[in-house]
Structure formats: C-alpha cells, structure tokens
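Novice: Sequence annotations record features per position, and here Swiss-Prot assigns disulfide bond to Cys7-Cys28, Cys13-Cys33, Cys17-Cys35. Annotation comment: Swiss-Prot describes Lys27 as site 'Basic residue of the functional dyad'. The annotation site 'Aromatic residue of the functional dyad' is assigned in Swiss-Prot to Tyr36 on the grounds of similarity to another entry.
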Amino acid sequence: GLIDVKCYASRECWEPCRKVTGSGQAKCQNNQCRCY
C-alpha cells in the first residue's frame, strides 16, 4: 500500500518499503511511495 514517503523515482522507495514491509518491491506513484 501507499506509505507516507515522498518520491520522484521508484528506487527512492526501496529502502522505506523494506523497513515497513520487509520487501524491496516498490513504485513511486503520484510522488508517493507504494509498497507491494
């Protein structure tokens, strides 16, 4: 799901998502990180 992290590129979301979900799968969507 979406987390409260602003981004411009999907790679900016990899670390935050790994901390939240334990998975590095992430996308930057509408300048916000989405974890899968």
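Positions of Cβ are set from backbone N, Cα and C atoms, glycine also.
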Novice: Rounded to a whole number, how many Å is the Cα of Cys28 (disulfide bond) away from the Cα of Cys35 (disulfide bond)?
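Specialist: That separation, Cα to Cα, works out to 9 Å.
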Novice: At a 10 Å cut-off from the C-beta of Tyr36 (site 'Aromatic residue of the functional dyad'), count the other C-beta atoms across all protein chains.
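Specialist: Counting Cβ neighbours of Tyr36 (site 'Aromatic residue of the functional dyad') within 10 Å gives 11.
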Novice: Other than its own, how many Cβ atoms are within 10 Å of the Cβ belonging to Cys35 (disulfide bond)?
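Specialist: The answer is 21.
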Novice: Give the distance between the Cα atoms of Cys17 (disulfide bond) and Cys7 (disulfide bond), rounded to the nearest whole Å.
Specialist: 12
Novice: Tell me, by DSSP, whether Lys27 (site 'Basic residue of the functional dyad') is helix, strand or coil?
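Specialist: Its secondary structure by DSSP: strand.
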Novice: Fill in the CA-CA distance, Cys35 (disulfide bond) to Lys27 (site 'Basic residue of the functional dyad'), as an integer in Å.
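Specialist: With distance taken Cα to Cα, Lys27 (site 'Basic residue of the functional dyad') is 7 Å from Cys35 (disulfide bond).
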Novice: DSSP secondary structure for Cys17 (disulfide bond), reduced to helix/strand/coil, please.
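Specialist: It is helical.
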Novice: How far is it from Lys27 (site 'Basic residue of the functional dyad') to Cys7 (disulfide bond), counting Cα to Cα, in Å?
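Specialist: Between the alpha carbons of Lys27 (site 'Basic residue of the functional dyad') and Cys7 (disulfide bond) there are 9 Å.
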Novice: Judged by the number of other CB atoms within 10 angstroms, which among Cys7, Cys13, Cys17, Cys33 is the least packed of the disulfide-bonded residues?
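Specialist: Relative to the other disulfide-bonded residues in Cys7, Cys13, Cys17, Cys33, Cys7 has the fewest Cβ atoms within 10 Å.
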